[in-house]
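Report on the structure given below.
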Amino acid sequence: MQGPHAQMTDAAYEIRRSEIAALSTDLAPEDPIPVVEYTEWEHEVWRTVCVDLTARHRTDAAAEYLESAEQLAVPLDHVPQLRDVSGRLGSISGFTFQSAPALVPLREFCGGLANSVFHSTQYLRHPRSPFYTEDPDLLHDLVGHGNVLASDRFARLYRLAGNAAARVHSTEALQFIGKVFWFTLECGVVRERGERKAYGATLVSSYGELDHFRSADFRPLDIKSLADVEYDISTYQPILFEADSMDEVEDTVGSFWDTCDDDSIAALLGGTSRSVTPH
């Protein structure tokens, strides 16, 4: 991103990010989402990324993502207030947002999903790197997750992931549920008319990921195969799993989350512990 805001120092950015995070540090679930007075550089980052992503989505995003995004109609020309988007999303699919100061622990995050609540940050990525961030930010949470949560199918899948996490007790089982979430709802790809299209939130909210994802090593979507693949959120994904249709995603992933428990996941993992870093 060119312009004066691209020269913002790391120290100034961290101060601003901390200011926004502090607004939600002590919020109770029933408290209203804070209103953030966004600065011009934040609006500039939002506009720059959204304009470029919208163009890329026409060729690279799955049809169901595009339809859902059109329904939610997140503004492209300014940073929206999270509480406004939350209200609109709630009227569409029943999901709402809860403001979070940063990435929340996986069990807490999934607990929200079970109750149709998505924890979202309210700060934006550094203006020096607007097209990719390894940390979740408002762009990732709204353009990536918010847009698909306006789809009834995706809203069901997110709830199923949350309910699955609530059923399990072992760390290994919880982490594996998180891994399935990562390779589908974060980094999922589907074939449409012979072309690979992205539907995962990490892919559709990152120009860099959309540039890179078709060069990945693609494997058929299979829950057992996921157990043997690790991931690193700090880089573009070298391995992705693709489905032949969104119905296959719903059948494969939805059925797993709907029925899994500690024992079935332990059997799937072969009794061994595999450590992953949840996003």
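Here the Cβ of each residue, glycine as well, is placed from N, Cα and C on the backbone.
Remember, it's a predicted structure, so these values are computed and weren't measured experimentally.
His140 (Fe cation binding site): 24 other CB atoms within 10 A of its CB, across all protein chains. Secondary structure from DSSP puts His140 (Fe cation binding site) in a helix. According to Swiss-Prot, the feature Fe cation binding site maps to His140, His145, Glu186.
Taking the Cβ of Cys187 (site 'Important for the regiospecific hydroxylation of the phenyl ring') as centre and 10 Å as the limit, one finds 26 other Cβ atoms among all the protein chains shown. Residues or ranges marked as site 'Important for the regiospecific hydroxylation of the phenyl ring' in Swiss-Prot: Cys187 (among others).
Under the DSSP three-state reduction, Thr202 (site 'Important for the regiospecific hydroxylation of the phenyl ring') is assigned to helix. For Thr202 (among others), the entry in Swiss-Prot reads site 'Important for the regiospecific hydroxylation of the phenyl ring', with the evidence type experimental evidence.
Neighbour count (other Cβ atoms within 10 Å of the Cβ, all protein chains): 25 for His145 (Fe cation binding site). Thr202 (site 'Important for the regiospecific hydroxylation of the phenyl ring'): 25 other CB atoms within 10 A of its CB, across all protein chains. On a Cα basis, His145 (Fe cation binding site) lies 8 Å away from Thr202 (site 'Important for the regiospecific hydroxylation of the phenyl ring'). Put simply, His145 (Fe cation binding site) is 11 Å from Cys187 (site 'Important for the regiospecific hydroxylation of the phenyl ring') when counted between their Cα atoms.
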